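Database features (Swiss-Prot):
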BINDING   43, 49  NADP(+) binding site
BINDING   143, 144, 145, 264, 265, 309, 324, 325, 326, 327, 328, 350  FMN binding site
């Protein structure tokens, strides 16, 4: 575990900057600030986003680990500056403040600086205030905010580059449903469809369900409410054998589920047909196999979503995540004032009506990071070229292993071919 791909983030929602750290990437990956900015812009997409998306910009700086557009093999650090920081320098100051100063006292007593003692139901406010012994929610909500996912998206840009350069695969997502909208039930999109998906106001693959999603958001906004939904992440072209069956924490499905559940507001994850599988009989639940004429295996279905026994099986990886409605509800919910114990309504700051389209981009990020870690664990490599050589050697082995011709099987079994033991 010590030398596996690792990532972490630091920073608060209204702090000076967010920081993303990625360790144990191979040298030679091609990643630019423009690549990171592009993914961050995708994270801001979607009908139903709040005003904050309009005036906040993501200022990307590579602090370390990259030179001339290539990773060095050392830890990578990315900083995403907060363009609104001048408005928050006192309230979010890392240094002690002098509240005897009239100007400081005024700023801390009203507006942005006022103590937030009314925790929002569904948010981290209440449990965090009790656990960390804070007298207000500001120290909790600043870190628990989904703004933190911007730093994850930055890290995920490097994971995407690894998957692209080493395996030639891409990660994409689309929105299945929002609220009670008609769900999408068609085939999975191809990566070539991504531009069209991102052009959709709700990141829908099918225009037929797009209108239903938009109507849901309009209705929620009109009634002062918020909405959740379901996103699907799709990855095609993964090799057989990423992950492992040998222990629970090495199962790729467990890692994917944990990574997706770690996204703010995600309350459920399913792989493949997921919960629908529980309603089927065994004879209808599993993906039967046939030997393909040109070698390899052909599946008659992909209900497993590309994972069996904690490992990729060569089929399309398909993972869904369910996002609950945003906790900051304009029509404020009942709560208790933690300063007095009196009945109150939850604090309300600017928020989105629906962030499901953006959640899809964050879900892509987490899937990419988990897959990149699995790739490096299986194939290793201090440089991209070394990792590619290792991948190529393995793929050649798989092709030979699944070549059903009699001669190939004889060679694989160590029998004589052309007068030699191979």
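Backbone N, Cα and C define each Cβ position, glycine as well.
The structure, with features from Swiss-Prot marked on it.
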| residue | record | Cβ contacts under 8 Å, 6 or more apart |
| --- | --- | --- |
| 43 | NADP(+) binding site | 149, 150, 153, 358, 361, 362 |
| 143 | FMN binding site | 12, 13 |
| 145 | FMN binding site | 12, 13, 264 |
| 265 | FMN binding site | 146, 228, 323, 324, 326, 327, 355, 359 |
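Neighbour counts of Cβ atoms within 10 Å were compared across the binding-site residues 324, 326, 328; the minimum falls on 324.
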